[in-house]
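Student: Quick paste from TrEMBL:
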type	residues	note
ACT_SITE	E23	active site, proton donor
BINDING	K84, V104, S138, A139, D140	substrate binding site
BINDING	D136	Mn(2+) binding site
ACT_SITE	K157	active site, nucleophile
Amino acid sequence: MVLAVSEEVREAIDAGRPVVALESTIIAHGLPRPRNLQVALELETTVRQEGAVPATIAVLDGRPHVGLDKEQLERVANEDGIRKLGHRDLPLAVASGASGATTVSATALLAARAGVRIFATGGLGGVHREWTLTQDESADLGLLARTRITVVCAGVKSILDVPATLQRLETLGVAVAGYGTGRFPGFYLSDSGHPVDWTLETPEQVAGVMRAQDALGGPESALIVANPVPEGEQLDPDLHARVLAAALHACQEEGVTGQAVTPFLLDYLVRHTDGASLSANLAAVRGNVRLAARIAAARARG
Ligand code: PSU
Ligand code: MN
């Protein structure tokens, strides 16, 4: 098989034990070195502490891996020239023997192929501001409309056009629920300023929705569990508004386009908030990973 599933992950899947998929773009392109490797290891530890098995996903030398050992994680974190792979890039990377970190779209696809149903990340990609000019919409959305997976995230990245992204998710038929909130989270911020139609309060309730998805059949779409960063750990909303405006301006001035846009904006925010955006991003990811592990455990209990 083209997919290399680690022994630990394979055994857990076969035995019906909880497994949580983790993406690698956040490690390779979303967080600065050397914090990125520490965070990658810490997130795996968090999953284990909650009684689940972590399955970090990346492509190494043309082979998609579900479950990485420490050496492989180090490559993702530190290797120069490691690519950013969306799902459309996977066949090209496999055939050419390339190495790359997987975005939400590629991670969700590979996780689902391996039989992993739950996945944690920071914030999803979505519809970019200025969409009418650039047509820049993350491939995350289209893939989630066609993949049966539960994604725990802090909403979509606040660098995006959040209401347009919510509208796209509605059009694409992707289920969205706030976790413990009726507000859609704003990645660095606890509240994006937009409501959600549904609220789930416990991991058991999330597992119940997943069972209902399977029982109903229909299009194999995802479930987005939007879990806000705790208010005390969010980025100061005024600072966020100010620096984001400058970041978007710089992105345009420097002519950054395509796959480079999201890493550029995230990096700009880290550098111009004195690391405060990094702390908020990490707080969000940590909370999402913990919740994903609890959902996986609730689902395994039935
Ligand atoms: N969440 C984070 N940091 C990130 C990402 C998510 O906290 O860097 C990544 C995800 O891999 C997501 C990608 O799929 O950003 C979106 O990139 P684009 O907008 O180019 O599709
Ligand atoms: Mn894009």
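Backbone N, Cα and C define each Cβ position, glycine as well.
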Student: For the residue listed as 'active site, proton donor' and V104 (substrate binding site), determine the Cα separation and express it in whole Å.
Tutor: 6
Student: Ligand 1 is in the model; which of the binding-site residues K84, D136, S138 have a C-beta less than 6 angstroms from one of its atoms?
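Tutor: Listed by sequence, the hits are S138.
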Student: Apart from K84, V104, S138, A139, D140, which residues in this chain have a Cβ no more than 8 Å from the mean position of the Cβ atoms of those residues at the substrate site?
Tutor: T25, G86, H87, T103, S105, A106, L124, G125, L143
Student: In the three-state scheme derived from DSSP, which category covers K157 (active site, nucleophile)?
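Tutor: K157 (active site, nucleophile) sits in coil per DSSP, no helix or strand.
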Student: Quick one: give me the count of other CB atoms within 10 A of the CB of K84 (substrate binding site).
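Tutor: Counting Cβ neighbours of K84 (substrate binding site) within 10 Å gives 20.
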Student: Tell me which residues of the chain lie with their Cβ under 8 angstroms from that of the residue listed as 'Mn(2+) binding site', as long as they are six or more apart in sequence?
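Tutor: The residue listed as 'Mn(2+) binding site' has long-range Cβ partners V127, H128, E130, T257, G258, V261.
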Student: DSSP secondary structure for A139 (substrate binding site), reduced to helix/strand/coil, please.
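Tutor: In the DSSP reduction, A139 (substrate binding site) maps to helix.
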Student: Less than 6 Å between Cβ and the nearest atom of ligand 2 is the rule; apply it to the recorded positions E23, K84, V104, A139, D140, K157.
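Tutor: Passing the 6 Å Cβ check against ligand 2: none.
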Student: List the residues of the same chain that sit at least 6 positions away from A139 (substrate binding site) in sequence and have their Cβ under 8 Å from its Cβ, in sequence order, or write 'none'.
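Tutor: The list for A139 (substrate binding site) reads G86, H87, R88, T103, S105, G125, given in order along the sequence.
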